[in-house]
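S.K.: Residues or ranges marked as domain 'SAM-dependent MTase RsmB/NOP-type' in TrEMBL: 142-403. According to TrEMBL, the S-adenosyl-L-methionine binding site annotation covers Asp256, Asp283, Asp301. Residues or ranges marked as active site, nucleophile by TrEMBL: Cys354.
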Amino acid sequence: MRLHRNLVFATVDALSNIFNEGEYADKVIEKTLKRDKRWGSRDRSFIAETTYDIVRWKRLYTEIAEVKAPYSRENLFRLFAVWATLRGIEIPDWKQIEPTPTRRIKGRFDELSKIRKFRESVPDWMDEMGVEELGEETWEKEIHALNQQAPVVLRANTLKTTRENLQKELAKEAIESEFIEGYPDALQLKERANVFRTEAFKNGLFEMQDASSQLVAKFLQVEPGMRVVDTCAGAGGKSLHLAAQMENKGQLIATDIYANKLKELKRRARRAGAHNIEPRVIDNNKVIKKLFGSADRVLIDAPCSGLGVLSRNPDAKWKLQPEFINTIKMTQAEILTQYSKMVKPGGKMVYATCSVLPSENQQQVEKFLASEYGESFKLSEDKKILSSKTGYDGFYMALLEKE
Ligand SMILES: C[S@@+](CC[C@H](N)C(=O)[O-])C[C@H]1O[C@@H](n2cnc3c(N)ncnc32)[C@H](O)[C@@H]1O
């Protein structure tokens, strides 16, 4: 592979924004890719994938390169040189990159790879927490799986198409995909591609949604005509799937505390042809109270640590703090208590997270069931999805029934 100066420089600029300015990797990459209209799809994927790789392996690479934050440009080029050396890519003779000690880099890599927190590039506290929550053996496999690049998975929008038809439409635009067994609406791309530029996307034939996440709406067992509340709807990934499951019939109330997320949901719903979604911002208690005892189905796709989605969001390893996880657990418990009151007798509720930590998942459900508010619920089934077992995001979902 020949390295192109402007692509490497763009990558180094992106890393500076992420590491030194604390900006979110996905936003920085999106902005960086707009910088030069002449970049083709290979150039764009070089920038995106190299940046994500260096973010993912930040701890390992900074140890190998012996650099510390805040990172000067010279040090960012050193990190880049580590990335290239470990991939066997020849480093050009540019003045920005000092002569690279290839043997030393490989030697340090071998030495550091013996220690999990360096090999898997995680902060000490996260490694300790992972072991405490999942046990040494499971954590080891899980963090390894969460450090792999996530596959691109789409969900066929059954309001407009079938996945067979979607596969054909994408093939017309030179995008090859395959079905995934056990995930009835999912298509996985054979090669990464910018699917957002396709006609199929513009026409609302699909959403990008990980395979594990696609199990949540089905788990809630919604039917056309029901009254369903998606309590933590965000930008609507699950709401759109629920609307499709409901065949646009019945009422789907989508709530969130952030109006801007619901605005994005509305935009996506329009494209998807999902007409039965009613977004409602939770700006006071009344919004929730009005819904008490009224819903056939309630989805709580709770805010969480996001530890199950590190493959697609590797900078969370450096942004997350243990204090945040403690706070979010309190929010999860409050949300379970409050929002469970919306379920009517005989109704069902799903509590879900994109975390692999039992303390955010089954332990939250156990505590809820043992509480005064959880007394009238019983657990029908739960799924603990590990990325190391499925190759998709880590997820948890529990189906609870109200007597
Ligand atoms: C895991 S995300 C939801 C993702 C979304 N359901 C989807 O499928 O795209 C959790 C959401 O909960 C929202 N949230 C946080 N605290 C909340 C609360 N107290 N009540 C309702 N929503 C809340 C966040 O704004 C965020 O959008």
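The backbone N, Cα and C atoms fix where each Cβ goes, glycine too.
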S.K.: Mean pLDDT for the domain 'SAM-dependent MTase RsmB/NOP-type' (142-403), as a whole number?
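M.R.: Here the mean pLDDT over the domain 'SAM-dependent MTase RsmB/NOP-type' (142-403) amounts to 98.
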S.K.: For Asp256 (S-adenosyl-L-methionine binding site) and Cys354 (active site, nucleophile), determine the Cα separation and express it in whole Å.
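M.R.: On Cα coordinates alone, these residues lie 17 Å apart.
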S.K.: Could you tell me which of these binding-site residues, Asp256, Asp283, has the greatest number of Cβ atoms within 10 Å of its own Cβ?
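M.R.: In terms of Cβ crowding, the pick is Asp256.
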S.K.: Cα of Cys354 (active site, nucleophile) to Cα of Asp301 (S-adenosyl-L-methionine binding site): how many Å, rounded?
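M.R.: Here the two Cα atoms are 8 Å apart.
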S.K.: Please list residues from the chain of Asp301 (S-adenosyl-L-methionine binding site) whose Cβ is under 8 angstroms from its Cβ, counting only those at least six apart in sequence.
M.R.: Val216, Asp230, Thr231, Cys232, Ala233, Gly234, Lys238, Ala352, Thr353
S.K.: Just checking a number: largest C-alpha distance across Asp256, Asp283, Asp301 for the S-adenosyl-L-methionine site, rounded to a whole Å.
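M.R.: Output for S-adenosyl-L-methionine binders Asp256, Asp283, Asp301: max Cα distance 18 Å.
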